[in-house]
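Participant: Okay, so TrEMBL annotates it like this:
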DOMAIN    B:30-269  domain 'Cytochrome b/b6 N-terminal region profile'
TRANSMEM  B:78-104  transmembrane segment
TRANSMEM  B:142-160  transmembrane segment
TRANSMEM  B:172-190  transmembrane segment
TRANSMEM  B:210-230  transmembrane segment
TRANSMEM  B:242-262  transmembrane segment
Amino acid sequence: MAPSDETDEEVRADGTGIVPPDDETPTWGERKTRSQGLSRLTYEYFERSRREDQDMRMESSYVERDVLGFPTWPHEMIRNLAITSFFVGMMIFLSATLPPHIGPPANPSQTPAVILPDWYLYWSFGLLKLGPLNPDLAILGGSKLMADRTYGVLANVVIVGFIAIVPFLNKGSARRPVEQPFWAAVGVFGVVFSFTIAALSVKNLIPMDPNLLFDLTFLVPPVAGFIAYAVLRTMREGYMFELNRRYYRLRPPK
Amino acid sequence: MSLERKDDHDHGGWMKSRDLSPVEKGYLTVLIWLDRRLRIVDYLELMEDLYYKANLQMPKSHTEQYNLDNKFWYWYPLYALGSFSTLAYVVAAISGALLGFYYSPSTAAAGAEGELTVAYASITFIMTELNFGYLLRSLHRWSAQVMVAAVFLHMLRVYFTGAYKEPRELNWILGIVLISLTMVFGYTGYLLPWDQLAFWAGQIGVEMSLSIPLAGEWVAQLIFGGFSLSQSTLQRMYILHVFFLPFITTALIAIHIGIVWMQGIAEPH
């Protein structure tokens, strides 16, 4: 070919030059599969991520925030295995002392005074009773856009959906409630609301005016959330001071 | 040239060169036979790894390493809730399988009285006549209650320690699916005794599914077997409770725990 080839040294195929060693040189078939479509992309991405790992290892700037997780084995599992028999024993003790009650047999012709699901569905059952909040439109002559029970089922879907997308709304590396007072307050709001809405669902059993109970159901959770927010904001000042003190000791502010 | 596969690594020759007792020889033959088919070596390595990690001095936890104990030791008992709910699930599965030997999902009239259904009568039999039957049912019911409670608290712990953040969003969503499945598990199980509570809770379920726009009637027929409660409702609840849900839930729990294992435990920083 070109004269320059003759002046150069012989092509090194042992892995020290830019040419890959003979036994690693891809065949034409391999080259073709690598240069096509999704397999090509996968290959390139894996190369990149392997490179990323390598770089991170080389830099080794290991700071506290880089700890993403602690090994499940043995730390957590040892603890969990150790308390296994305690927990199982606790369940056996409970079931031996408090056997379940058998209710009267099903009777379709007699509606019981109190209809309730199991306790863990109270919140969902309470959401079915949001009829008074179902908006009606003036255009439709005051009739409701959707039936009350459809509205209740929709409320369930909305709440579960909101919980599901929390990780995509609250980002960042804050972990503890003191570091993120707002989201901790949202959590407190949710917990308190689940209790108040459960109380609303069993309103027949609660000696209180149903209208007052309905109002309290929606008033108490925001108040609790607000208090949690205020407390955590106050705690954060002192907490951040403690956390930063070591830093200031090393490098005092001017 | 023979068609027989040759022994690449000459395991046979190696065995001949050793002076092996018959027991050792038999053991090695079986081991090599299995290993050439199943590659047990890889799994042995895993076991070895687990063994050594458990017996070595444990590395310092994040908390100890940065001397943060005083900051959040109070979160720590709550880190066992996930395993607690798994444990309750296992107990419920075992006691439920045993209960299944005695329960029959039928709304047919039991005996000559014509009042009681077969399902209700089998519950009564389990509770009053079967040896330790009351304990079995009690254990099933309590482990179910404990599982639901633990799952709820587990979710709260994950929320308040921010453990759902960046690498763990998928597992959070998987957890939402699992908590919903747990509640469906509870609901279908609640209906099985076919007493007054079960019947009217079933009625609410039918009304809820009927109120879904467009697909409501279809859903009611698929899940409850009609617009009013009948034999087919009970039978569908039973099959959901003992066949569909166990398979789906067990698989998802395995994936959930597998992801936790791969990603590690998120400790609050």
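A Cβ is built for glycine as well, from the same backbone N, Cα and C atoms used for every other residue.
Just so it is clear, the model here is predicted, and its values are computed rather than measured.
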Participant: At least three Cβ pairs under 8 Å linking the transmembrane segment (B:242-262) and the transmembrane segment (B:142-160), pairs spaced 6 or more in sequence?
Facilitator: no
Participant: Could you pull out which residues elsewhere in the chain have a CB under 8 Å from any CB of the transmembrane segment (B:142-160), counting only those six or more residues past its ends?
Facilitator: 75, 78-79, 81-82, 84-85, 88-89, 91-92, 95, 172, 175, 178-179, 182-183, 185-186, 189
Participant: Would you report the average pLDDT that the model assigns to the domain 'Cytochrome b/b6 N-terminal region profile' (B:30-269)?
Facilitator: 88
